[in-house]
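Student: Residues annotated as compositional bias 'Basic and acidic residues' in TrEMBL: 1-25, 53-76, 83-122, 133-150. Here TrEMBL flags 1-290 as region 'Disordered'. Feature annotation from TrEMBL assigns compositional bias 'Low complexity' to 153-165. The compositional bias 'Acidic residues' annotation in TrEMBL covers 166-232. Summarising the annotation, TrEMBL assigns domain 'Hypervirulence associated protein TUDOR' to 289-347.
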Amino acid sequence: MPPKDKYTDPKLRDEVKEEIHESDKGGAPGQWSARKAQMMASEYKKRGGGYTTDKDQGQDESQKNLSKWGEEEWQTKEGSGNAKKEDGTEKRYLPKKAWEQMSEEEKQATDDKKQEESKEGKQFVSNTQKAKNARENANKEESENFEGRKQKQSGGAKSKKGQAADNDEQEDEADDDAEAAEEEGYDYDEAQDGEFNEDEVDDDDDEDVDEEEVQGEDDEDEDDAEVADEGEKEPRGQKRGRGKQSGGSNKKQKDNSGKGKQNGTVGSKHDPADAPAPAGSKDRLPGKGQKVVWKSLPGYVDGEVVEVLYDQKEVDGKQVKAKKDDPRIVLKSSSSGKICVHKPDAIYFDD
């Protein structure tokens, strides 16, 4: 897992992380997903954040795998970049090469399984055995291709400066996706089946009680689309981790950092940047049923305290670690009814 001192502006990264975590872009509020991890890396760079290490320095095998994963073309069996249906159910979302390994009957079987179980409210729906095998075979092929590309780029001629710059930019984006996903504890081997291993989450992120399956969903709230290039609607077959370019390079786009923040506001709703109430702490905790506020991507979110945790407990189907000297607050959003978990200092309330 990347060290905390690798960021040139750790405070900015924590702020971006909190906003993305509480947004409904790329996943439900208060839940982590690989898509949110990608958005977090992009938004951090857009606001001027950087890294203290080179992109290849200290990258372990898991992160390299995640870089490769970021370059795969994820889609539904029909080739769409949108896995979420109007009725709220989700279609199976896998790399293009995995779909190519399956027959039409096998594609339909794993897609039906995903839709049926997602209709029951399940976020993690495993693939059929045929789909798992296809995913593994596709991963082996992509691994070989990925290593070939990396070697070619590192050992190729440097005379074509324009192409070299484009390659470096693409590697930076893929590596940032990997760094973000690795930071949140995602396990690449588990992701091969379209799922993530919630047991690998870092202690610093134990409040992230839930993780969503990888999916290329489109958000109807266009106000939130400004958060990151990756948050925009993805055309069919577009590689994950790639922002859509328009009228310039990615680097130019990333220089347009946090407009709301510059204007003294927070989120797409442009709420005042000043905290609405004093922040909590481990020595100043809210009570059960108390009305509180926390920050999200659109702005501040109103809700109430469901419970204060001092020990590990299952919340909304996931295990949350908590200690007497490191409690966690279970919250319920007043608007969406969604459950999330935060540290005390991320919550604002009056006595």
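Cβ coordinates come from backbone N, Cα and C, glycine included.
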Student: Per DSSP, what is the helix/strand/coil residue tally across the compositional bias 'Basic and acidic residues' (83-122)?
Tutor: 21 helix, 4 strand, 15 coil
Student: Return the average pLDDT for the domain 'Hypervirulence associated protein TUDOR' (289-347) as a whole number.
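Tutor: 88, rounded to a whole number.
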Student: Just to be sure I understand, if DSSP states are collapsed into helix, strand and coil, how many residues of the compositional bias 'Basic and acidic residues' (1-25) fall in each?
Tutor: 16 helix, 1 strand, 8 coil
Student: Give the residue counts of the compositional bias 'Basic and acidic residues' (133-150) per reduced DSSP state, in the order helix, strand, coil.
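Tutor: Secondary-structure composition of the compositional bias 'Basic and acidic residues' (133-150): 18 helix, 0 strand, 0 coil.
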